[in-house]
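K.L.:
The structure that follows is given in the form of structure tokens.
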Ligand SMILES: Nc1ncnc2c1ncn2[C@@H]1O[C@H](COP(=O)(O)O)[C@@H](OP(=O)(O)O)[C@H]1O
Ligand SMILES: [Mg+2]
């Protein structure tokens, strides 16, 4: 069966996400005020500009497919449950990084099919020079990174022998540090790096990191697009307890379980997870 996202739809999606990214970048560069949402997380005009641009894009390209965005997520579960296929959007992941001006924020668009993220675009407008960086993945199909207009196929890297080359473990700048440290303490020789947003999953997808343990809360829109990229690149995003792949839209709550992103399963990190 042909994939729902044809090459021409994919090209128009990438173009539209890039246009939304340019709006976000313009706000980032000219300055903005910061509001606080009910859950105490920050909100800027860039979150809303990106939300409106991405929802309009998706409604225009595929009017028959519903859209759930972080900024319009009050859809009752009874309604969502009936969705076989929908777009799941985080218009600005890493809002705290955006506010702190370190560039580590992303726009995220995922296609969910029967709970499985099957296609994703993650765009980081301020990473990697002019035009930013974009990761695009279709499960069972192509997966590539676009930087400075150049398309390059990506894949996860094979876990090295840690004595010859340390494993690279990527973590959040702000969340779950204690559990992260406990996990790392039980690993063989490794190095840790921190970055904001869904960029962490993209690093595993392109082989810049081996593991991303997320032992702190996230929502489905934070991870779905990048999960599709990781999966298409040969890796996995697994529930930290059951080691089953994460699925979306399985329950009322949109919160993810704690999870780990890997290039490959390996008893050494699985044991480290069990040890904490
Ligand atoms: N208590 C909590 N519940 C749900 N999600 C949380 C959370 N604390 C942080 N997050 C999520 O973690 C994301 C940031 O992760 P990181 O610090 O690794 O970059 C946030 O994305 P947003 O910036 O889109 O709000 C937010 O969704
Ligand atoms: Mg987010």
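Each residue, glycine too, has its Cβ placed from N, Cα and C.
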K.L.:
Out of 64, 70, 71, 244, which does TrEMBL tie to the same Mg(2+) 1 site as 90, 92, 222?
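P.N.:
So, going by the record in TrEMBL, that would be 70.
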K.L.:
Quick one: which residues besides 70, 92, 93, 94, 95, 222 have a Cβ within 8 Å of the substrate site's Cβ centroid, in sequence order?
P.N.:
47, 90, 91, 105, 106, 108, 197, 198, 221
K.L.:
Could you measure between residue 95 (substrate binding site) and residue 222 (Mg(2+) 1 binding site) for me? Cα positions, answer in whole angstrom.
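P.N.:
Checking the Cα atoms of residue 95 (substrate binding site) and residue 222 (Mg(2+) 1 binding site) gives a distance of 11 Å.
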K.L.:
Rounded to a whole angstrom, what is the C-alpha distance between residue 222 (Mg(2+) 1 binding site) and residue 93 (substrate binding site)?
P.N.:
7
K.L.:
In three-state terms from DSSP, label residue 94 (substrate binding site) for me.
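P.N.:
Coil, per DSSP.
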K.L.:
Can you tell me the CA-to-CA distance separating residue 94 (substrate binding site) and residue 70 (Mg(2+) 1 binding site), as a whole number of Å?
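P.N.:
Distance (Cα to Cα, whole Å): 12 Å.
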